Amino acid sequence: MGGGVRALMRRKQVDSERARPAGSGHQLRKELSVAQLITIGVGSTIGAGVYVLVGTVAREHSGPALTLSFLIAGIAAALSAFCYAELASRCPSAGSAYHYSYICVGEGVAWLIGWALILEYTIGGSAVARGISPNLALFFGGPDSLPWILARHEIPWLYVVVDPCAAFLVFLVTGLLCVGIKESSFVQGVVTVLNCFVMLFVIIAGSYIGFQTGWVGYKVAGGFFPFGANGMLAGSATVFFAYIGFDSVASTAEEVKNPQRDLPLGIATALSICCSLYMLVSVVIVGLVPYFAMDPDTPISSAFARHGMHWAMYLVTTGAVLALCSTLMGSILPQPRILMAMARDGLLPSFFSDVHKTTQVPVKSTIVTGICAASLAFFMDVSQLAGMVSVGTLLAFTIVAVSILILRYVPPDEVPLPSSLQASFRLSHGNDEEKLRDTLGDEDHGEGASEISDVLVESIKDPLIEKQLYASKLDETKRRKTAACSIASVCIGVLVLTTSASVTFLPFLVRCFICAFGGLLLLTGLGVLCWIDQDDGRHSFGHSGGFICPFVPLLPVMCILINTYLLINLGGGTWMRVGVWLVMGVFVYIFYGRTHSSLTDVVYVPVAEANEIYGSSSASEFVA
């Protein structure tokens, strides 16, 4: 039992590639620059949802205040982006949130995050692929007008509607990703730029029409907030999921030329572009048509059609298809890298960690990902499973924020030493003891050496020095325990507060009492974290010189609160389906990952000693 708990809590080191032997065949090619990261981020984030969300959220929640809903959701997404930016620049390795949680939290949590992300990207890619064929059909005359070989067909007696077009597109994207990261990012960049041009057309042409007609959408009787502030906030919670996708940038960290500079810049710029486009499109469309008269399915096309621009439907549909294709690439791109990272750590078979010698991408993992996503897209209507995509993303956002708190207040002070270097560790300890005996206990070196050893012994045995060293160590231990308890208090408080605020079957007074208790835990933990000092080890943790997340601990705590609230409100059906997948993951970990983990036979040593051992090992290899 104790061994099982220790397995769940074991953590790997930041520079995990340092523990891998050179030429192990697991290295990815560094090809990506800031511009390519921006196109990956924007292309993965701006899907066809923006062409539909504008109408749905405006009609049901926000009204003309839709722009503010997008702004608030963008700010909430930026909280997670700040956390991602620091961890990506400090720990630039494949795996994204799985990698960060393995370093900061532990193997058990990292496994669940990685397992949830596998589900997210598989279902996300399948759902996006199934959404392309109905839009393509509009170019052939309307719904169900695609050529027979690409059209949807119902299999008799099975009540299954297959979608060959979706499966074909998934295989096409999979083949492109196998060619190389540089080539696939170029194609995604072209598609993303074309989609942005369509959105710019909507903004410019819509603004011209708005100024000609007097912006009738803002002159409705209900005013700017027809549903009140609560409606605007409810709209923010809905459109928040339109910002999911920038985390794909972090998954490519190992393939970035200058990760300390380019990753934070790519994440921030991509999110800023998405937020700006969302807000500008919503400003225009809400102003062209009163919110209650919007078409919930095709709000942008119908808005132009109202003003005689029926041909704009084809341009908007083109933008939707381009957005879906770009998002499909962004959905399939990260998963092979997460599979590769988990296989590197021994939690999955080594088959997934193989990197092609020529293209230097995880081709085997990419092909497996493509086959699974294409099969789902071909046989299943995954629209009912779309909520499961949000679970993986929000869990990743939450654990990344928790990792920032751990990094700042209780960073790992010990790192695992692989079995290949444990002999060096024992040798260095033996040499240190021998040197100490030679210095303090050898009386064969004359009277001078004896006097020096006497002085050293006296200084070491000086009660004042011993007391100061012990007090300093005790204070640091106490600070780390206080910080760890405070982080736990924040997490428990957030969970209690959001759960009690979301359930409706409890009496009102009981809900208020539980909310007050959760809020007290949250504020107490936050207050203590603000009061105590952050750990000095944070300055040397990982790669220095990158982005530093501001306003810690307030910003990560706000991020945890928002993401947990959204997780709680995803619905019981979604959580039941995700629960089945996570239980399957637990069994896979128990029967395979736990025993095959690369940390099974490691010895944990202080960071300073580990650096010395790695340095001496590198020097000996260089001399050899």
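The first residue you see is number 1, and the count goes up from there.
Each Cβ is built from the backbone N, Cα and C atoms, and glycine gets one as well.
Just so you know, TrEMBL annotations are computer predictions that nobody has curated.
Annotated region 'Disordered' per TrEMBL: 1-26, in sequence order. According to TrEMBL, the transmembrane segment annotation covers 34-54, 66-85, 97-118, 157-179, 223-244, 265-291, 311-333, 361-379, 385-407, 483-502, 508-532, 574-592 (among others). The domain 'Cationic amino acid transporter C-terminal' annotation in TrEMBL covers 547-597.
Across 97-118, 223-244, 385-407, the stretch most heavily in contact with the transmembrane segment (265-291), judged by Cβ pairs under 8 Å, is 223-244. The stretch with the most CB contacts under 8 Å to the transmembrane segment (66-85), chosen from 97-118, 223-244, 385-407, 508-532, is 223-244. The residues of the domain 'Cationic amino acid transporter C-terminal' (547-597), classed with DSSP into helix (H, G, I), strand (E, B) and coil, number 40 helix, 0 strand, 11 coil.
Listed stretches 311-333, 361-379, 385-407, 508-532, 574-592 were compared with the transmembrane segment (157-179); the greatest number of C-beta pairs under 8 angstroms is found for 361-379. Among the listed stretches 361-379, 385-407, 483-502, 508-532, the one sharing the most Cβ pairs under 8 Å with the transmembrane segment (574-592) is 385-407. Highest Cβ contact count with the transmembrane segment (508-532) among the listed stretches 97-118, 223-244, 361-379, 385-407, 483-502 falls to 483-502 (criterion: pairs under 8 Å). If one looks beyond the transmembrane segment (483-502) by at least 6 residues along the same chain, the residues whose Cβ comes under 8 Å of a Cβ in the stretch are 402, 405-406, 409-410, 511, 514-515, 517-526, 528-529, 532, 535, 553, 557, 560-561, 564-565, 567-569. Simply put, out of 311-333, 361-379, 385-407, 385-407 has the most Cβ pairs sitting under 8 Å from the transmembrane segment (223-244).
Long-range contacts of the transmembrane segment (311-333) within the same chain, counting only residues at least 6 positions beyond its ends with a Cβ under 8 Å from a Cβ of the stretch, are 40, 43-48, 50-51, 121, 124-125, 128-129, 131-132, 135-136, 138-139, 169-170, 173-174, 176-177, 184, 187-188, 191-192, 194-195, 198-199, 201-202, 205, 245, 248, 251-252, 298, 300-301, 304-305, 366, 369-370, 373.
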